[in-house]
Amino acid sequence: MERAVPTSPTAANRSCENLECYMVLMQAEKTAIGSICFLAGPFTLLENALVLGVIAATATLRRRPTYLFIASIALADVFASCFFTTSFLDFHLFQHSDGPTAYLFKLGGVTMAFTSSVGSLLLTALDRYLCIHQASSYKVLLTRRRALLCLLILWSATIFISFLPLMGWRCPTGLTPPCSRLFPYINHGYLACWTSFTLVLLTLILCAYALILWKAHRHESSMTSLQGAAGTGHARMRMDIRLARTFGLILLILVGCWLPALSFMLADVSVILTHTQQRAFAFCGTLCLVNSAVNPLLYALRCRELRVALLQLLQRLCVIGRCKKTTQDLPPGIHFTEEISCTAITEHEIPANGTMQLHSVSEMVNN
């Protein structure tokens, strides 16, 4: 049965003495949300750790700004899978009440992970924007050093913003304004600022992809008018549709996962949420974790070069495993010779077309 909402400030503060007014999930809802977290959490951790491992083990990928941004997304999503899953389950399912410092530290870790993830998505969108709008000077504008500087600024800013409540921008326990009904100890002013900041990041991502589509359409239209071939129009239409579908899928998942939770946060600033709305927000919060699980599939594993590097890394591991097994099976006194020694694939064997300079928007999309 749903708890009654206290009508007086004194009763509200008494009901929130152990943060019970924030633990509003029913048993069936605990089971559903717990299942989502137990499935999505480890899956998100494993796939993002795999992306980080492939980029770290491949020198050609580590030198390119695009894959540095993808590695930043994967690192943020690794943190999100760890911090969000453990803190969310500990608070809502096991109803463990921490003190203000411990709770705000955990919440700061979750906020840092999700903010860095969205910020890294923005850097990836801007990287693709520069690649198409400034194709001739792209390598000069976005060097590896500048990419690392952008990531340093991003992570420094998100860490500072995320731990502001721990540094003092908080409110006392209770439902009396300006305390949030979604997060204990969180001030309405801070919640409004963080939500607005995240909405600005999402808006910039939408604008970047819209400009990419506009530039690609103009480029292919000019190529069609110059070539004048009948089949080129059909090829342009196929390329435009493919590009629109790709970016549409990215934006649909991004907005669909983030907009519900951000809407509840904005509502929390302006109105007093009921327990039903608090429970709905708990489900919307898990969508942010689902977005972190989908990010590697959209941004990393769709890249042909990263898939090639992953296959080569798996081949190396298989070769090393065969070498160790052969060594163990050899009789004593027999050693390897040059004819039976195992050799791993080197970085120089990556296909040359992976590093080939792109000359058209179609080739950019395909690669």
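Glycine is no exception: its Cβ is also placed from the backbone N, Cα and C atoms.
Just so you know, TrEMBL annotations never went through curation; they're auto-generated.
In TrEMBL this protein carries:
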type	residues	note
TRANSMEM	32-55	transmembrane segment
DOMAIN	47-299	domain 'G-protein coupled receptors family 1 profile'
TRANSMEM	67-89	transmembrane segment
TRANSMEM	101-126	transmembrane segment
TRANSMEM	147-169	transmembrane segment
TRANSMEM	189-214	transmembrane segment
TRANSMEM	246-267	transmembrane segment
TRANSMEM	279-301	transmembrane segment
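Long-range contacts of the transmembrane segment (67-89) within its own chain (CB-CB distance under 8 A, at least 6 residues past either end) are made by residues 33-34, 37-38, 40-42, 44-45, 48-49, 51-52, 55-56, 61, 106-107, 109-110, 112-114, 116-117, 119-121, 123-124, 127, 144, 147-148, 151, 154-155, 285-286, 288-289, 292-293, 295-296, 299-300, 303, 306. The listed stretches are 101-126, 147-169, 189-214, 246-267, 279-301; of these, 279-301 has the most Cβ pairs under 8 Å to the transmembrane segment (32-55).
Ranked by Cβ pairs under 8 Å to the transmembrane segment (279-301), the stretches 101-126, 147-169, 189-214, 246-267 are led by 246-267.
For the domain 'G-protein coupled receptors family 1 profile' (47-299), the model's average pLDDT works out to 84. For the transmembrane segment (101-126), the list of distant contacts is 19, 66, 69-70, 72-73, 75-77, 79-80, 82-84, 86-88, 91, 150-151, 154-155, 157-159, 161-163, 165-166, 170, 183-186, 194, 197-198, 201-202, 204-205, 208-209, 212, 254, 258, 288, 291-292, 295, 299: same-chain residues at least six beyond its ends, Cβ to Cβ under 8 Å. Using a Cβ-Cβ cut-off under 8 Å and counting only residues 6 or more beyond its ends in the same chain, the transmembrane segment (147-169) has close neighbours at 65, 68-69, 72, 101, 104-105, 107-109, 111-112, 115-116, 119-120, 123, 185-187, 189-190, 194, 197.
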